[in-house]
Amino acid sequence: MVPMSPTLSDPVPAGDGFTRRATALTAAVRATSPLIQCATNQVVANFTANVLLAAGPAPAMVDVPGEAGEFAAIASALLVNLGTPHEAQRVGMLEAVGAATVHGTPWVLDPVAAGAVGLRTRFAHELLTHSPAVVRGNASEILALAGTGSGGRGVDATDDVDAAVPGAVRLALTATRHDGAAPTRVVAVSGAADLITDGRDVIRVGGGSELLTRVTGGGCALGAIIAAFVATGRVERMTDVESVAAAHAFYSAAAERAAAGTPGPGSFQAAFLDALATVTPADIGAFVGGHARVARVQDAAEPIGQNPRGADAGDTR
Ligand SMILES: Nc1ncnc2c1ncn2[C@@H]1O[C@H](COP(=O)(O)OP(=O)(O)O)[C@@H](O)[C@H]1O
Ligand SMILES: Cc1ncsc1CCOP(=O)(O)O
Ligand SMILES: [Mg+2]
């Protein structure tokens, strides 16, 4: 049974264990440069590739039917972003997620403008049946997918992250599981303070900069960073929920640094790329210590958040 309105324990600062793992994961993403396949929208493809390159991973924008599936077999992770979902791209996306499932490639769904536009909302629901490891979006997109919202204003949210907590938990708990072996679905909601949940732990990551909403692709490029952190996190035997939270912390720490001393969106965009490349493990540790808090869903009716890789997400507290 999935609770309609989950009760959360009082949030506490993320523990030293999570801080240490988030720091190590950031370093590992830089050092190992995972190959991230992006089937993304035409507005943000260039910015997304630059964000990945600055952070360490190798981007490849491969969404063409006939090769998208072939590539998903060799990619470290896949991002599927519905910002401009032309017909051919939708075919390529289905090919890619099919191959990702067969080959165990983790993939991230960003349902841009879900709820606001019918076709992509229906397509997002179809994609959910292919077991994304992570669904990431703004509060209005997540509420729409959870069935309790009607979308935002185009690609922008009109709901607060807090309003999306029940929907995010429910979406995480209704993950499709194949033979009980599929990874738990993680749902990540961005906004003034981001929320990441696997239906059991709810991690909040504050800080960052509002300037991320004044350049296009602030959310879309975050999806690519999440894909990179999940791919590397699985190698490092981290849970997906911790890897996604670490990705948010890394991204927000870089944004906060970039915003300091930049007068507006133009210089912020350049400074953000610089910060993604230069933010240090120590910076991440300090950021997590100051901005990450964890609560537990109290009334989960079944054991959830199983981790097929054996690490312990409970250590986030
Ligand atoms: N008010 C805010 N203050 C600080 N950071 C924010 C704010 N709103 C959004 N962000 C950040 O901007 C990024 C994109 O989030 P968001 O704007 O919600 O996504 P989208 O572009 O998909 O709508 C995230 O890293 C989020 O933390
Ligand atoms: C403006 C726009 N229109 C279709 S996709 C897109 C980019 C949305 O980027 P983000 O969701 O990161 O704000
Ligand atoms: Mg978005």
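Using the three backbone atoms N, Cα and C, a Cβ is placed for every residue, glycine included.
TrEMBL has this to say about the protein:
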type	residues	note
BINDING	M61, G217	substrate binding site
BINDING	R136, S190	ATP binding site
- Integer Å distance between the CA atoms belonging to S190 (ATP binding site) and G217 (substrate binding site): 13
- Whole-number Å only: compute the distance from the Cα of S190 (ATP binding site) to the Cα of M61 (substrate binding site). 23
- Task: Enumerate same-chain residues with a sequence separation of six or more from R136 (ATP binding site) and a Cβ-Cβ distance below 8 A; give 'none' if the list is empty.
- Result: V108, L109, D110, V187, A188, V189, S190, G219, L222, G223, I226, V244
- Query: Out of M61, R136, S190, which binding-site residues lie by ligand 1, with a C-beta less than 6 Å from some atom of it?
  - Reply: S190
- M61 (substrate binding site) falls, by DSSP collapsed to helix, strand or coil, into coil
- Query: Where ligand 2 binds, which of the binding-site residues M61, S190, G217 are close by, with Cβ under 6 Å?
  - Reply: G217
